[in-house]
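Going by TrEMBL, these are the annotated features:
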- A:6-29: transmembrane segment (TRANSMEM)
- A:41-60: transmembrane segment (TRANSMEM)
- A:66-87: transmembrane segment (TRANSMEM)
- A:99-121: transmembrane segment (TRANSMEM)
- A:147-165: transmembrane segment (TRANSMEM)
- A:197-219: transmembrane segment (TRANSMEM)
- A:231-256: transmembrane segment (TRANSMEM)
- A:263-283: transmembrane segment (TRANSMEM)
Amino acid sequence: MDPDLALLLNGIVSGLLLGGLYAAAAAGLSISFGMLDVVNIAHPAFMVLGAMLVALFWGATGIDPLVLSILLTPAFWALGAAIYVAYHHFFERRGDEAIQGLAFFFGVMFIIEIGLVLAIGPEQHFADASYANTTWRLGEIDLPLRMLVPALVAFLAIGGLALFLRHSFTGRAIAAVAQDREALRLLAIDPVRIKRLAFGISIAMAALAGGALVVVQPVDAGSGHIFIGRVFAIVIMGGLSSLWGCVLAALAFGVVENVTASFYGPSWSPAVAFGALLLVLAVRPQGFFGRVA
Amino acid sequence: MSDATLPAMPVFPAPRRMGHGAFWLACAVAALALIAVLRGIGSEYAYFAATFVLQYVVLATAWNILGGYAGYVNFGAAAFFAAGAYTTVAIGKALGLSLLPCIGFAALVGGALGLGTGLLTLRLRGAYFAIATLCLSVVLQTLVVNWNYVGGSRGAYVIRPRDIPWPFDTYSGYLCAVAVVLAAAAIAIARTIEKSRLGLGLAALRDDEQAAEAAGVPTLRLKLIATTISGAMMAVAGAPLPLLGSYVEPTSAFGLAYAVNAIAMPLIGGTASWAGPLIGAVLLSSLQQAATVTISSAANLLIVGVVLVVFVCAAPHGILGLFRKGGR
Amino acid sequence: MEGLSRRGLGRAAVAAAITVPATARAQSAPSGEPIKIGGSMSLSGGLAGNGRPAGLTHKIWADEVNARGGLLGRPVQIISYDDQSSGAQVPGIYTKLIDVDKVDLVVSGYATAIIAPAMPVVMQRNRTFVSLFGTGVNSEFKYDRYFSVNPSGSNPNQTFAKGFIELAMAMDPKPRSIAIVNLDSDFHQRAAESARSLARSAGLRVVYDRAYPPTTVDFSPIIRAVQAARPDVVFVGSYPPDTAGLLRAASELRVNLQLFGGPMIGPHITAQKLQLGPILNNLVVWDVYAPEPTLQFPGTQPLIERYQPIAAKEGTDALGYYVPPMAYTQMQVLEQAVKKVGSLDQGALAKAMHETTFDTVIGPVRFDATGEWPEPRDIYTQYQGVQGNGIDQFKKAGTQVILYPAQYKSGELRKPYTAGA
């Protein structure tokens, strides 16, 4: 194969795998920020919290990190539900959630990060999956399982979530709460309960994303910072409340970053990716896949 | 908007309200008094701590013009702040100018950047605008990192001039006085905007942009004016930074701390009035400075997080809001 | 406004009252006023992984000195504040240390980004300043009381990669091309610059030369682009998070290179040594110390043995081969200079530091006119025979052999680097 073509194909494939990690990180936010209108800037911090816990438990038990992260999801769901109760009590109920809620999550982010530093230390932590050193090859295309398995697990989880949102009664109520809160009341559904449930799910997704992250790379308490911009960018490009849009945007983001890095050098890839988002925002603020408001 | 600077007396019949001229005068007197007090203390550490606090007063006040008055949350305060800092580096290196003209250039650069942001994000509101400013911060940081003239990722050294401007005894004293003047000017500008028709228009924008547009408020122009002024002032806040530390590098100049503090300080103080960012900035930054040199472990950042969460939960309209409620 | 600032100060006073600085509890076996030594240290933030072992080592030194009867018969007391890995905090910390705490001596925190912002404050008070792991700080300030504990010498942009390029050119067959990959940061830019110029003068063709930003998540495009350029030798400069990513990617893409490495800061940290395990085999890494018999000096081993149990208790870097010997040296230079001068006179201390050769745990140390080491001592090491992920193999000689410079050489270069395959 032509070396440039191989480079391009591998850039695209590795970008798709990277996009899988981004999709895992952004899916939870697509629920909280996209559907519930809760600007949870601390979402990547929850992801890092999940990753650090997985690393700790992995050190103690040696169970696969992704399995551990799935085991963590109920605890994270409860944590998310509790945080939503506080958020609702202090902000939504009063009707001034926009800026104050944002500051609240900023504070939560700080507390998580510093809490991790105080409790576990500022060093990097890691967890090795048994498959992390294996790479599948299709011709000249490499598929490292370190990236592939987390991406697949993420897609499975997102797929399951999408089915749940589309076909279960509760799931449809979650989708509806984003659109019209009053209509839910008429159906005798408590929108607060539904939103609590949904926010719990978004934080549970963060735990799963943490498992994926710690398989891909070592993490420290501040690892979430570089994801803040990316996950929000992805959710917006994906058109907020659309899970599929979020996945597609995540894949596109990964591919743009990696192809830029392959051909023009890695130093420009953040500018290209975020420049693209700025353009999207300026030209088509509802995102690629969003409905016109 | 030519009448934006008219005295606000007829619009606000409250008897104790101060006129613009009187307020500017009061700010100038307060600034002179503060400089005299600091000079009296004469400690280098007092100079430094005051400069640190005042730089946040300027930044928070500037952020509040757009964020508090117009309701547009700017996540990219660090980008404007760093733009100011790097203007000082670049202009100082290219033209060999001293701090004061550099501050002027920083205002121009920050204003242009603010106007550009405003134009690019015309159609964006709420969280979209916030995320767009976050992106701007990433793009700008990448540009600075790849711009070798100002040191790129290596950072740039800015050596303080040997001759200290009259009548100051040390360069830190001079920097501190500059910061006092900038803070006083920022507060006066913010108060002038708040009490003028521009402020009223921005408030209308914040409450309901569509209604304001329908009522004939030139929302677009107001928004651009606000982004420009706010951007220019944030850049001014960052302009003295290189001389304060003699060394700037992109990671810390674009640091999350500036973006977080610029939002947290007005929120803690109260976003509705010029006094809010002032109170919030003085409170939070002196707390941070004090915690750095007393507790001195990771716990001091934890305090900032806890204070922020407690305040937004317990006092949704900031400290000012608490007082207003008590007064009623 | 007065009321407001009083409110702020009141809160500060409360914060001060409820916390007694841990550093204030010095032993008072020696008599008299303690000699206060002040500095900033990164206990949180990105530099904390190395800042905490450095801070711990400073405490070990202080305890030892006090147990020996102190310095000039007085106890020593270390006052250090957390700079949160942010240079913006540093000027405030040093003005506080000098003006309010009235420290007698100042030392730096860890790394260039923390040292440089302290310089104007230190220079204004004419203090003698011993720094830790700063690269090229004084080339801008030209301060004659600055002394750097960092092996890269006064001209790292020229000399840093000397050992690496010499190792490459000594290989048989001679390499013809080189790829240079580095993190976009001050230290790695300088390292890459030296590799670039030395490679050119050695006749190596530079086939790939790019920097990557610290926000990079996926390193496979970089390694793949390097592979596509078909270099014989690859010089990489990276910090811990990226080192793991680069080596993982190298392993997944089955690299097979005659020589691979450089200032890849990563395996210097114990946790990463253990995680990477066999991927480290045949990797050539710049270092400052390795537990090899050729690099032992009086006090090295006792320091490591004192450090490791304390580190286990504090949860910092377990082995302590990278930062602790250097941080200890930083304090030894200060200690020996004070003893020689017999007072705390800053000018006399600086003079003594310029004139003396210090016996330290990393060997004899001298300073040139700019306060750097006159002869760089950049050590290039190679990990060999690593099996599994156990910690004990890294305590033995022969696991991280020294290839360069010749006087410390403890093993032969093994090729190629195949990332554990």
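Glycine is treated like the rest: Cβ placed from N, Cα and C.
Below 8 angstroms of C-beta separation, residues 7-8, 11, 229-230, 233, 236-237, 253, 256-257 of the same chain, each at least six residues beyond the ends of the transmembrane segment (A:263-283), sit close to that stretch. Long-range neighbours of the transmembrane segment (A:231-256) within the same chain, counting only residues 6 or more positions beyond its ends whose Cβ lies under 8 Å from a Cβ of the stretch, are 11-12, 15-23, 25-27, 29-30, 33-35, 41, 43-44, 155, 158, 161-162, 165, 175, 178, 269, 272-274, 276-277, 280-281, 286-291. With respect to Cβ pairs under 8 Å, the transmembrane segment (A:99-121) is most closely packed against A:41-60, considering the stretches A:6-29, A:41-60, A:147-165. Taking pairs at least six residues apart, the transmembrane segment (A:66-87) and the transmembrane segment (A:197-219) share three or more Cβ pairs below 8 Å and count as touching. Sequence-distant contacts of the transmembrane segment (A:147-165) (same chain, six or more residues past either end, CB-CB distance under 8 Å): 14, 16-21, 23-24, 27, 31, 66, 129, 131, 136, 171-172, 174-175, 201, 205, 208-209, 211-213, 215-216, 243-244, 246-247. Panel annotation: around the transmembrane segment (A:197-219), residues 20-21, 24-25, 27-29, 31-32, 35-36, 38, 40, 43-44, 46-55, 58, 65-66, 68-70, 72-81, 83-84, 87, 124-127, 129, 132, 146-147, 149-151, 153-154, 157, 161, 170, 174, 177 of the same chain, lying at least six beyond its termini, place a Cβ under 8 Å from a Cβ of the stretch.
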